[in-house]
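Quick look at what Swiss-Prot lists:
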- CYS114: active site (ACT_SITE)
- HIS254: active site (ACT_SITE)
- 255-259: region 'ACP-binding' (REGION)
- ASN284: active site (ACT_SITE)
Amino acid sequence: MANFAAITGWGMAVPERVLTNADLERMVETSDEWIQTRTGIRERRIAGPGEHTSALSIAAGRAALARAGLDAAQIDTVILATCTPDRPFPATACTVQAGVGARRAAAFDIVAACSGFVYGLQVATSMVRSGAARNVLFVACDIFTHFINWNDRNTCVLFGDGAGAVVLQPSDEPAGLLSCVLGADGEQEDLMAVDAGGTRLPATPELLEEGRQYVFMNGREIFKHAVREMAASSFDALQAAGLSTDDVALVIPHQANLRIIEATAKRLEVPLDRVFVNLDRYGNTSAASIPIALVEAVEQQRLRKGDYALLTSFGGGLTWASAVIRWSAG
């Protein structure tokens, strides 16, 4: 059994189509100034025909495998964090497994909404450290724009689509996930949800007419819960790793809303120049937001070998998750 699970590969994929705030001005009653002031978003990527969850996940997964220098046949486990699967079943991870060529590898989905990447990172790391898996391909992908009411300016301006992936392998040196704090409050499940389409409320013509197949969220309440839980779980994760915010080279938060990111950074007493932000170009990509940010942080050399990074997220459920990782790749 390994002491640690190092991140040896990473990759991302986003749709080709870019939807700007100027485009949205022509679709709903809104403005670039209104959107940027309230969210910090300038544009987002929108999935088109053929750019479904498995397709983006396969593209991100292939990029991560190439970076790790692994053949897909060496992967023994494929995990996908998503709440927008290709279809109710089978698990979309099985489609990803076949698509990347990881023949006969174990494959399963996990659902933790926007917290999915950190939740899945804990699962993947535990499998590697326990010896249950050796080479894990972990992908996070969501296509929320298929569940958006494009007449609702409060939600249609927020979301974008994308996928991010990492490869985890055993390591005897301190690397990868050092600590992780997961949490949820199911009593707040209705603050953000898609009501129709499950076994509680199967999609019927009447529910579709009511728009119950679209994302609903109580933004004001989400803001309060998000800032509180992201900050609290971040401090807990740092304490579990024996570190303080001063030891962290970079904070990589879930890219939901610039106001949430700024308020969380303030509670953590971390200057914004040590907080990675790219939601201005991608919007809220749900579970994919942290791995996409991670890939770009590495590309921009804001995360280097030996650095500690704090990942923190919050999502529907309500769920939250924070983790400390040590970057070991050169």
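Just so you know, glycine gets a Cβ as well, placed from its N, Cα and C.
Positions of Swiss-Prot features highlighted on the structure.
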residue: CYS114; record: active site; DSSP (3 states): helix
residue: HIS254; record: active site; DSSP (3 states): coil
residue: ASN284; record: active site; DSSP (3 states): strand
Those residues of the chain, 6+ apart, with a Cβ under 8 Å from that of HIS254 (active site): CYS114, SER115, MET230, ASN284, SER289, ILE290, THR312, SER313, PHE314, GLY315
ASN284 (active site): tally of other CB atoms within 10 A of its CB: 25
